[in-house]
Amino acid sequence: REAGRRTYIPVMSGENKLSWQVKDLIPNSEYYFRVKAVNKVGGGEYLELRNPIIAEDPKQPPDPPVDLEVHNPTAKSVTLTWKPPLFDGGSKIMGYIIEKLAKGKERWERCNDYLVPLLTYPVKGLEEGKEYQFRVRAENAAGISEPSRITPFVKAVDPIEAPKVFLAANLQSGLEVKRGDEIILEAHISGSPYPSITWLRNDEVVKPEEIKKRVTTYTRKKKGEAAEEEPFQLSLPERMSIDNHKEGESILSIRDSIRADHGTFTIKVENDHGVAKASCEVNVLDTPGPPVNFVFEDVRKNSVICKWEPPLDDGGSEILNYVLEKKDNTKAEMGWVTVSSTLRHCKFHVTKLIEGKEYLFRVFAENRVGSGPPCVSKPMTAKDPFSPPDPPNKPDVQDVTSNSMVVKWNEPKDNGSPIIGYWIEKREINSTHWARVNRNLVNALEIKAEGLLEGLTYIFRVCAENAAGPGKFSPPSDPKTAQDPIIVPGPPSCPEVKDKTKSSVALAWKPPQKDGGSPIKGYIVEVQDEGSTDWKKVNEGDKLFPTCECVIPNLKELRKYRFRVKAVNAAGESEPSPATSEIPVQDILEEPEIFLDIGAQDFLSCRAGTTIKIPAVIKGRPIPKTFWEFEGKAKTTAKVEATDTRSVIIIPECNRSHSGRYSITAKNKAGQKTVHVRVNVLDVPGPPKDLKVSDITRGSCKLSWKMPDDDGGDRIRGYVIEKRTIDGKAWTKVNANCGSTSFVVPDLISGQEYFFRVRAENRFGVGPPAETIQRTTARDPIHPPDPPIKLKIGLVTKNTVSLTWKPPKNDGGAPVTHYNVE
């Protein structure tokens with residue numbers, strides 16, 4: 001029971017044990033307990049506690065701390081870390097006690113005056129060079145734990161560490177600022193002992209500027225006295241400073257940066273164990289300096305080429321373009337005029353200058369910050385350094401035609417500037433007006449003047465031009481009249497043999513490339529006999545061949561001849577063409593060739609009742625003889641229309657019997673050729689075969705048949721089945737599209753007699769029928785009856801017996817007429 005209650009609550013009953021663990025108590029509450037023994041007779045008296053028990057965990061000092069470690073030893077201190085005890089003794093850990101033991105001493109000394117609440121503690125006040133061991137105790141409300149594991153001896157000396165330095169993250173790829181902005185370079189440093197720090201710029205040590213001082217005055221007025229001025233010194237901070245006050249960090253700063261501050265800044269740190277460096281490229285953006293070495297090239301009376309070199313300092317940014325300006329130096333009141341403000345290169349051709357004037361030029365460089373100071377040129381006067389060329393000599397006119405002439409001349413003196421071309425002028429002899437022949441300068445020493453009028457007389461003159469301009473014209477040429485010269489034509493091409501027979505040769509050739517200035521009147525053909533060196537004319541000059549082909553008759557068979565051709569115009573006969581090789585005179589043999597109409601190649605299909613036409617084109621020399629065959633035999637019923645080059649076989653109103661292979665044969669001395677064409681005449685199919693009736697009942701029967709011998713040249717799509725009664729005349733369709741070769745005819749009238757017929761169908765229609773010859777009666781088939789049943793013996797005498805039975809279950813389809821008894 002709880003101490004504040006009187007009622008006991010059972011916690012165990014009936015167990016034969018001398019101890020029991022009571023659970024589910026309320027922490028920090030007071031309880032009384034009692035126990036009694038029980039036997040068969042009953043329970044005895046209770047044994048009760050005199051004093052109450054408080055429900056609480058037992059308390060004891062904690063276990064010692066674990067994993068004690070020493071970190072960062074120096075000459076004066078170390079840092080200890082540990083982990084809490086595995087068991088806190090049932091009470092919260094209030095803190096830790098740290099103890100040290102110097103080597104050679106026996107007594108442990110406490111390091112902390114107050115309990116350390118954390119799991120780390122810096123032990124200070126060590127003597128440099130001595131060795132120490134350390135341990136830690138935990139404390140709770142019940143007391144102080146045993147000490148932790150003792151550390152090995154640790155010597156109080158500064159650690160050895162080579163120096164390290166690295167720049168801030170924003171400086172890793174360099175620093176770029178505009179002029180006037182502040183430059184801040186921050187570096188992080190480590191090393192033991194702590195290293196010395198040196199900043200360098202372009203490998204030279206950076207020394208901050210001395211503190212500048214200047215004297216100024218201020219007004220001081222004392223009470224009752226007149227105001228007076230008193231000098232004092234005002235200190236101005238240096239523009240560059242280096243801050244090394246914070247350990248592990250060094251900052252170099254430059255205020256009001258100027259272009260000269262750009263360069264490579266390096267921080268160098270050094271101690272007894274090494275040297276480390278880190279560098280940063282600092283770019284101070286400013287306008288570029290002035291371009292340099294401004295010079296003039298190719299000075300002319302109205303133009304000049306200005307040339308310069310880039311600035312020595314681009315201001316830390318790429319030169320984007322140059323601005324070129326000019327000024328009339330003869331007029332003081334005239335200002336600068338922009339020539340171009342978008343120049344990408346250091347060269348520009350200035351035009352539209354006024355001859356004789358003196359000019360000044362200046363050029364600015366621009367980057368993304370702005371324009372820098374200009375570079376000003378020396379004065380320049382616009383004038384040519386040379387004069388126009390001398391006139392050429394008198395031109396010579398050649399190759400005169402009805403509409404053109406070729407004018408030639410010699411190169412004159414250029415007077416200091418290379419000649420860039422020539423101007424040519426023409427004039428009719430009866431006119432005073434000179435007209436330009438060329439629209440653009442001619443670089444050659446000749447020109448073909450075209451577009452002249454036939455029959456007119458012309459003279460020509462020429463002038464040369466250089467950088468100073470055109471010079472004077474030459475003396476005029478001798479007069480020439482525009483007319484074509486007439487000469488004999490060039491030779492035709494070598495004749496080619498187009499055809500020949502046993503007594504003639506057909507020739508053809510191409511006309512000459514030049515007609516000699518007169519139309520070709522015709523051609524003369526010459527022949528040379530085999531074994532002879534003489535050439536004989538086939539035709540005379542009054543019987544010219546008008547075209548580029550002819551037939552040479554009356555030649556001797558198997559003799560060999562050579563031929564050549566001459567062209568004739570008003571000036572006479574041309575040189576002969578190249579001669580042919582020796583040509584034997586004989587018939588040309590060509591094996592027969594047969595070309596069928598493209599619609600009848602290899603296979604031809606047509607509908608029954610139409611007309612079949614198979615045309616063939618015949619070739620061959622001599623002309624072949626032709627004949628047609630059908631399935632290897634002469635076709636007498638067909639009509640054949642034939643010429644020397646064509647043969648057509650015609651079959652009007654064709655039927656299925658005309659289906660088969662047709663052959664045409666052409667034959668001559670050179671050989672024989674046969675071509676085949678398979679013809680398929682399409683028609684309705686023939687009648688089915690072997691129509692039979694089976695499986696007859698009073699309501700149906702089965703029809704079966706075989707496919708027709710002739711499908712009409714097309715696939716059988718189905719069969720049409722019809723029936724007719726014996727006394728009827730009309731046929732009735734039973735199935736209009738039966739897909740197989742058998743069919744069960746339904747819906748017959750019992751006892752009625754029928755005829756049946758079947759017709760095959762393809763895409764061209766329904767063919768003739770196959771009919772049943774014998775009538776078919778619709779009735780069930782008759783079979784022998786089943787045996788009688790339930791045979792019994794009745795009255796028996798000495799010579800008789802009485803028998804009884806019942807009829808069979810199935811009479812076989814017909815009434816039982818009698819019984820046989822055995």
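Heads up, the Cβ atoms here are built off N, Cα and C, so glycines get one too.
The domain 'Fibronectin type-III' annotation in TrEMBL covers 1-58 (among others). Assigned with DSSP, the residues of the domain 'Fibronectin type-III' (1-58) fall into helix, strand and coil as follows: 0 helix, 11 strand, 47 coil.
Break the domain 'Fibronectin type-III' (64-159) down by DSSP state and the numbers are 0 helix, 41 strand, 55 coil. According to TrEMBL, the feature domain 'Fibronectin type-III' maps to 64-159 (among others).
Taken from TrEMBL, the feature domain 'Ig-like' covers 163-283 (among others).
Here TrEMBL flags 290-385 (among others) as domain 'Fibronectin type-III'.
Per TrEMBL, domain 'Fibronectin type-III' is recorded for 391-484 (among others).
As annotated by TrEMBL, domain 'Fibronectin type-III' applies to 491-591 (among others). Residues of the domain 'Fibronectin type-III' (491-591) grouped by DSSP class, helix first, strand second and coil last, total 0 helix, 40 strand, 61 coil.
Residues annotated as domain 'Ig-like' in TrEMBL: 578-680 (among others). For the domain 'Ig-like' (578-680), the model gives a mean pLDDT of 85.
Residues or ranges marked as domain 'Fibronectin type-III' by TrEMBL: 687-780 (among others).
Per TrEMBL, the feature domain 'Fibronectin type-III' maps to 787-822 (among others). Note on the domain 'Fibronectin type-III' (787-822): residues 780-781 of its chain, located 6 or more positions outside it, place their CB under 8 angstroms from a CB of the stretch.
Using DSSP to sort the residues of the region 'Disordered' (374-400) gives these counts of helix, strand and coil: 0 helix, 7 strand, 20 coil. Residues annotated as region 'Disordered' in TrEMBL: 374-400.
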